[in-house]
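Undergrad: What follows is a structure written as structure tokens; I'll ask about it next.
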Amino acid sequence: MDLLISLVINGLATGMLIFLLAAGLTLIFGLMSVLNFAHGGLFIWGAYTGVWVFQMSNSFILGIIAAISIGLLLGLVTERLIVRPVYGNHIQQILITLGFMLVLQELIKVVFGPDQKAVFPPDILAGSFIVGDIVLIKYRLFIIAIGILIFVISTIILKKSRIGLIVRAGVMDKEMIQSLGINIKLVFMLVFMVGAGLAGLSGVLHSVYSGVIYAEMGLEFSILAFIVVVIGGMGSFSGSLFAAILVGLAQAFMAYYVPALSLAVNMLLMTIVLIFRPQGLFQVKG
Amino acid sequence: MNLRNVDKSTWIYLIASLLLFMVPFILTGRSMQFIFIQIFIFAIFAMSYDILLGFTGIISFGHVMFFGIGAYSTAITMSKFDSTIGSFLFGVVIAVILAAFVSFIVGVLTLRLKSHFYAMLTLALAGLFLVAAEKWRTLTGGNDGFTFRLPEIFRDSQSMYMFCLLSLILIFFGLRRFTKSPFGRVLMAIRENENRTESLGYKIVHYKVIASVVAGVVASFAGVLYALSLRFVNTGVFATDLTIDVLLMTIIGGVGTLVGPILGAGLVEFAHHWLSGLADVHWIFERWIILYGTVYILVVIFFPLGIVGTIQSRFSNRPLKGLRDNRKANENKGRRAS
């Protein structure tokens, strides 16, 4: 029983981290059909900057703020310089964002050095609660809490505010929104920045979670986010949460029982979804 | 065969290949010959990639899996059996059959998908192959890899050079014939406008699957040569970095041409060699990928046809439309499909 609970908590924590990364991807795709292969690059920049600030200032909150800000900033740069020149051409978008991913990844090595870095959790989140025989690791609970918080805030914004309405309508039909006189490019830029900020947040949270950071983890982790976006349905916000939890749990259980197959099971999930339901489990577009 | 019917460019290519045959007699250094061998191997790999990217308009981020299949099939047969030409040929046959089989299955399952999905799925599939190679240590030796002995004839670097060059030339002319055939024309039609080609009655998925099988088989042969040239194989042959390398070569050299990837392979390999040589001068040169990435991004934005494609479209009056001007078509496609 205690094993089951700790595996579930593991899975939920991983799922939340993937969700933070996938949420941006899915909205960016839904709104402008841009698939951002550089998202993993924003993730590692968030991780490295956040950890650097955290270790310098000894304040984890400052680290998180730094990670989100670098995400927002890089999101702006990516959108302006990389994505905007090739709007509408899918092949060029995929190629160019992958190239930018490469540049971001190598720049990490220039700025922070090529070696792996160890990261330790802040004192307040280190250790665990013990309830009966069950060990609850504090940091994992913290990640789950943050994930739920972000999901709730974003859902409220998406469902209740005017900008959320515009974004949801844009995902459904962007021409219609434009003809109502809304500057969809500006909205898109904002969504892109927020998505990048979430990627940065996910990066710094993940670096403490895994205890080590290295430049290649961006691409590795973003593959999971792609899988989630595909399973959840491109453009579906709640779909990506559902799929992220599914993938996180599958990952955690397989890593415990059949470690060799932990990536394979997610691939298998994605392949099955793509073959039988290419639009994903939750379809948004009308 | 009437020589007058032969294309003018064919003569140029033949002369260029003759010149390349003379190179090992001028540059006798082993390391220089080794660079040329690597260029030939990656040129073959990049040409196979261009069959997908440049001629059919499919982006695969998992092309390295066929390369790895080729490398491992040869290496494993050579180390399990004695190192003769026979077992080498057996390895090549296994590589080709496996690559054809895998590319067929992957193609049938995934090529119906839109470009984004295909790119992601192939990226993940290649990751799966990498993990499989790492876990199946009894067969692959994992990340440490294993060495193997070569048949007598390939031990000399000069004869290895000749063999790789000959393969490159044969594959080049073979693929050239393939792309100029009616089949190749249909592939280009798919690249230009998928919907229109479909409405003309062509079964797009069939054509795409066959294109991906051809590309997969050629890539696996490049993998075979790669394993031969190193006499060693490890899980690096499944690394995504190799896909990215070959993508750079194709993009910089010129998509939609076969000379482009060869030129790109030459440029990238030489630049790699020189820039890592400069690492002693300044550490920034160790991170030469930044330079590549930047050049690559600039090429995608400003010269989407690459070096050869840009030159070609200057000289001929009918510019290759393909990758730049199909924005509208793509947008419509995206809308209709969703």
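Every residue gets a Cβ built from N, Cα and C, even glycine.
Here's the feature list from TrEMBL:
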- A:6-27: transmembrane segment (TRANSMEM)
- A:60-82: transmembrane segment (TRANSMEM)
- A:94-112: transmembrane segment (TRANSMEM)
- A:139-158: transmembrane segment (TRANSMEM)
- A:186-209: transmembrane segment (TRANSMEM)
- A:221-249: transmembrane segment (TRANSMEM)
- A:256-276: transmembrane segment (TRANSMEM)
Undergrad: Can you find at least 3 Cβ pairs under 8 Å between the transmembrane segment (A:139-158) and the transmembrane segment (A:6-27), where each pair is 6 or more residues apart in sequence?
TA: yes
Undergrad: Based on Cβ pairs under 8 Å, which of the stretches A:6-27, A:60-82, A:94-112, A:221-249, A:256-276 lies most in contact with the transmembrane segment (A:186-209)?
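TA: By Cβ pairs under 8 Å, A:60-82 leads among A:6-27, A:60-82, A:94-112, A:221-249, A:256-276.
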Undergrad: Determine which recorded stretch among A:6-27, A:94-112, A:221-249, A:256-276 has the most C-beta pairs below 8 angstroms with the transmembrane segment (A:60-82).
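TA: Answer is A:94-112, with the largest number of Cβ pairs below 8 Å.
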Undergrad: Sort out for me which stretch, of A:94-112, A:221-249, A:256-276, has the most Cβ pairs below 8 angstroms to the transmembrane segment (A:6-27).
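TA: Out of the listed stretches, A:221-249 contacts the transmembrane segment (A:6-27) most.
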